[in-house]
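Here's what Swiss-Prot has on this protein:
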- G4, G5, G6, H7, A8, G9: FAD binding site (BINDING)
- 268-282: NAD(+) binding site (BINDING)
Amino acid sequence: MVIGGGHAGVEASIVSAKMGAKTHLITLLIQNIALASCNPAVGGLGKGHLVKEIDALGGVMGVITDKCGIQFRILNASKGPAVRGTRAQIDMDRYSIFAKEIALNTPNLTISQESVESLIYEQDSKGRYIVKGVTTNIGKTYFAKKVILTTGTFLRGLVHIGETKLQNGRFGEMSPQNLSNSLQDMGLTLGRLKTGTCARIDGRSIDFSALEIHNGDEKPPHFSYKTINFSPTQLPCFVTYTNENTHKIIRDNFHRAPLFTGQIEGVGPRYCPSIEDKVNRFADKSRHQLFLEPQTQEAVEYYINGLSTSLPIDVQEAVIHSIKGLENAHITRYGYAIEYDYVEPTELYHTLETKKCANLFLAGQINGTTGYEEAAAQGIMAGINATLSLQNKSFTLARNEAYIGVMIDDLVTKGTKEPYRVFTSRAEYRLLLREDNAYLRLGTYAYKFGLIDKVRYTQIMADKTHIEHTINYLQNHHITPSSSNLTMLASLGLPPISDKALLIHIVGREELDCALLRTLLTHLGITDVESMSDLAIEQIFIESKYFDYIQKQKQQIGQMRQMLQVEIPRDFIFDNIPGLSLEVIEKLKKFTPKSLFEANEISGITPASIDVLHLYIHLHHKKKSQILV
């Protein structure tokens, strides 16, 4: 049973059905399945990695985005592949239509339009709650072996537009007010978070001649491995800026802003602040950049990215009309803030099942995250784990395996007091977690769970074999500056060498297109180049270019694995260890882990804390050995 048909709910319900579980999705409005409530875009820095990982695991977000995207770009294209991010503007109407089409045509999956009012549960002999099903607003009762909550911003949702407050989970949609009570009654810790959205304006009322144009890439990237012959029709976005007059209007109305009057209690997203928050916090800035993003292929409405606000409607109108190009803009939908309940994610196992309530899984904004991609990634993991748990199995991803693993580990071990979003900087091993190798990292899991077919799996394994054999050859063979080799390098436009060099350093020296790289590899003695896919060739180049750094990160992972095997002495005292917070010390004393591996599994114990513990265990052993001497 999946509750909520947003991005998390869609991935959770489809993946569980594909794995063979009879699945039922309950959502408030079927026509709003996977609706893009905020900006009409998917991907970006860090977020693009999540979409690629979802796709590699057999999810649908990448497929849908490629089908309905109206602009595609690579962000950070001038930087290394580890920090690049694919981003697409989407037709938000078609996105929802395609998601609904996939869901309604997925075997084992049924859907109904209702609102869940409460959870059905009981307690076992040890006092742990066991969730059995749900009751809905139309008097129906559903029993299920597993329940996944993907409620988004709908748990006691409260919309703010100036002084006006509406009990909505999204503007115009009702908000379940009682479901949170079930969670609290079972002992789960709830908090309040806040997010917001921008006004939308009629494209016919915009003066585009006054704006900067922002086009997609000439060679548009795509998200899904299923996408072939990709040539989408792309629409431009447009750039404009706030100005001093805009800021004066906002400052003059701080006293009417729910964010500052105390009307809003929830904590908002740090990396997506409202315009009133930006004007207040960055008083020295004379302008803020805004992007006008088309919401559909027809470009009827535009989303003003960067102008999230909950100011009163008359102030919103004055603010928008003070901006260049928008002097006569007609507002079709006003911006608003929304507060909602979330469950403190330290209440979860890494499988996304709640610790206090058996059979209950949570995914998406209910876990304190923000963003479609973060929600979808949790949804697919919750769906996989809920299904596997029927066989007493589970599936988790480590921090060195996927950004999904980084995100879930952050949430479960550290918790969050503000909406959490993924960044590449959150990953310790980001050179290993690139967008381009997501299918290699996760494809085997997808095949194991029946989420990709044998043909796709065979392709993945062939690529893996080609890459491993080629990299192994390149790192163990050299090239000399002979006349024939210098001639060969010159013919490919490559600089000469003066000394003997490893082949892997030659391959990774210069940016080459796929055809030239194939020619170079053939000259260097690789015999099966023609049978390699373009993706494998790309991987060989990237692995060669960053070979030394990648090897270093792999060594760090090996060292971490060894470190986690270290046992904690029985007489080891956690008190007063420099570098450990009081909270960490209290948890270590409470759970008394026998090893660093067990310590690492405790919620709130960070990798940095493990490093400190490892050091002081070493010093403890050293001190004892000195005493014995």
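Quick reminder: no glycine exception, Cβ is built from N, Cα and C everywhere.
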Check A8 (FAD binding site) against DSSP and tell me helix, strand or coil, would you?
helix
Counting other Cβ atoms within 10 Å, pick out the least crowded of the binding-site residues A8, G9, G268, N280, F282.
F282
Which one of these binding-site residues has the most other Cβ atoms within 10 Å of its own Cβ: H7, R270?
H7
Could you round the CA separation between K278 (NAD(+) binding site) and H7 (FAD binding site) to a whole angstrom and send it over?
28
I'd like the number of other C-beta atoms within 10 A of the C-beta of G4 (FAD binding site), please.
31
Using an 8 Å cut-off from the Cβ centroid of G4, G5, G6, H7, A8, G9, can you name the remaining same-chain residues around the FAD site, in sequence order?
V2, V10, E11, A12, T27, I33, A34, T150, G152, A363, G364, A375, G379
Given N280 (NAD(+) binding site) and G9 (FAD binding site), what distance in Å do their CA atoms have, once rounded to a whole number?
36
Within the chain of G6 (FAD binding site), which residues six or more apart in sequence place their C-beta under 8 angstroms from its C-beta?
I33, A34, L35, S37, T150, G152, G364, A375
So among R270, S274, E276, F282, all listed as binding-site residues, which is physically nearest to A8 (FAD binding site)? Use the C-alpha atoms.
R270
